[in-house]
Amino acid sequence: MQIQPHPSGALLLLLLSNLLMWENVASVPRCIMENGGCQKVLNYLFNMTSTISESFNTLSSETLNDFYTEFDPHQTFQNRPAMTCHTSSRSIPNNKRKAERMEPAALLNVIIRMLASWKNLLYHVENNMANLDGTPYAIISKVKLIDRQIKKLTKNLQDIKTILSQVHPELKEKENYPVWSGEPYVQKSKRRTQLFGLHSLFFCLYSDAEKVSDYVNILRNKIVPNE
């Protein structure tokens, strides 16, 4: 039985082979290959990425609301600020206007960096909610879905980065990723302190998911406009 290659993988390989033929081009600000080349492959990748990022945003919002319903019925945490999110940084734009002013290569790295900062999300949730009173299983199930979405988003964006790095060498540089700083809170034996840490985790996740969804669409408009 002959195994057929996955369509997205075949398209990506075809594109990369084409890119190798014109990698000596000094500067290509936008992917402009015609007749089914770069534009179509990037548009295909962005279609998938946009859909997943919207689902990521929706699920993160639902997870935060589930947390409020299950563990904060009196709005104790909703009426007080969460701890500073671990992804808060001068290099990460905090609104769409700032993101729109960024160069595509820089914005792509920002999105990948934000997603990588949540690579241990499932570990934190499973480890720190298992002993809480209540029924956190619905929340944990959604976090498992979110974890898979983060991995898919990262894979798609890395594929886009592979393509664009042919004309944007700076994209090949490795990034350092911030890690969540709330672990000391959720490891406390006091339930209220644990819940404060988990509230901050889910609030920051929701905030970042919203940004990722917005920034993916901004990036798409910069790289494959009018598609």
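Cβ atoms here come from the backbone N, Cα and C positions, even for glycine.
Cβ neighbour count for Cys204 (disulfide bond) (all protein chains, 10 Å cutoff from its Cβ): 24. The annotation disulfide bond is assigned in Swiss-Prot to Cys85-Cys204.
What Swiss-Prot lists as N-linked glycosylation site is Asn47. According to DSSP, Asn47 (N-linked glycosylation site) sits within a helical segment. Of all Cβ atoms in the shown protein chains, 14 besides its own fall within 10 Å of the Cβ of Asn47 (N-linked glycosylation site).
The signal peptide annotation in Swiss-Prot covers 1-27.
When the Cα atoms are compared, Asn47 (N-linked glycosylation site) and Cys204 (disulfide bond) turn out to be 25 Å apart. Same-chain residues at least 6 positions away in sequence with a Cβ under 8 Å from that of Cys85 (disulfide bond) are, in sequence order, Ser200, Phe203, Cys204, Ser207, Asp208.
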